[in-house]
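Presented below is the structure to which this report refers.
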Amino acid sequence: MSKVVVLDHPLIDHKMAKLRDKHTGTKEFRETVSEVGMLITYEISRDFETVEKEVETPIQITKAYELKKPVVIVPILRAGLGMVEGIHNIIPTARIGHVGVYRDEETLEPHEYFAKFPIDIKDAAVLVVDPMLATGGSASAAITMVKKRGVTDIRFVGLVGCPEGVKRLQEDHPDVDIFLAAMDEYLNEKGYIVPGLGDCGDRLFGTK
Ligand code: PRP
Ligand code: URA
């Protein structure tokens, strides 16, 4: 069974309060999603493998460590895009794939409409990124799309999850660890996370 990590950090809590507040405007919302993405990355990357190498400092040759695998960030369009800049800020060598999945507003079923990945994604540590883990349908579909490229090292990174989404993801992909900034109470009858932060894509891009 995969591990579920809910980040426990005062700075993340502070920024999540801003994201949850319905009075927070588009600019501040977008900046804050990116900032939480950056903070969360520190924890996600804790178990990344490293390899030893020799480095010559100005004083002498010493042992040093670098990441063993390349990292690929895969945002789920649209809302996942909001977290990419923050993650990329601290893993600047990461490359970026994209998956397009939207959720039908009536049935809540995921629909795939786009996929573009780096050619050698198979050997990378892949971060599938989406702020909202609601029914878990979109995240599960996106991870399946990534697995079809032969990837075996995958983590899901989100801002707000709920028990329904975590259960679905753990059932569908027991090998994928889940990292969240907050774990909320439940899904309402319209498929929104409660208390949540509303429609993340619309708040990021000012579409409502
Ligand atoms: C939202 C969100 C997730 C999905 C989560 O996207 O960004 O991708 O819903 O819901 P689920 O866990 O029930 O699948 P949406 O489909 O609204 O598209 P958007 O990112 O374009 O706003
Ligand atoms: N997608 C969102 O943007 N918000 C929710 O609460 C659920 C799905």
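Note that Cβ sites are derived from N, Cα and C of the backbone, with glycine treated the same way.
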Checklist entry - Which of these, ARG95, ARG103, ARG149, ARG155, does TrEMBL list as part of the 5-phospho-alpha-D-ribose 1-diphosphate site with ARG78, ASP130, PRO131, MET132, LEU133, ALA134, THR135, GLY136, GLY137, SER138, ASP199? => result ARG103
Checklist entry - Of ARG78, ASP130, GLY136, CYS200, listed as binding-site residues, which ones have a Cβ less than 6 Å away from ligand 2? => result CYS200
Next on the checklist: Return only the integer: C-alpha distance in Å from GLY136 (5-phospho-alpha-D-ribose 1-diphosphate binding site) to CYS200 (uracil binding site).
Outcome noted: 15
Checklist entry - So what's the average pLDDT for the domain 'Phosphoribosyltransferase' (6-207)? => result 97
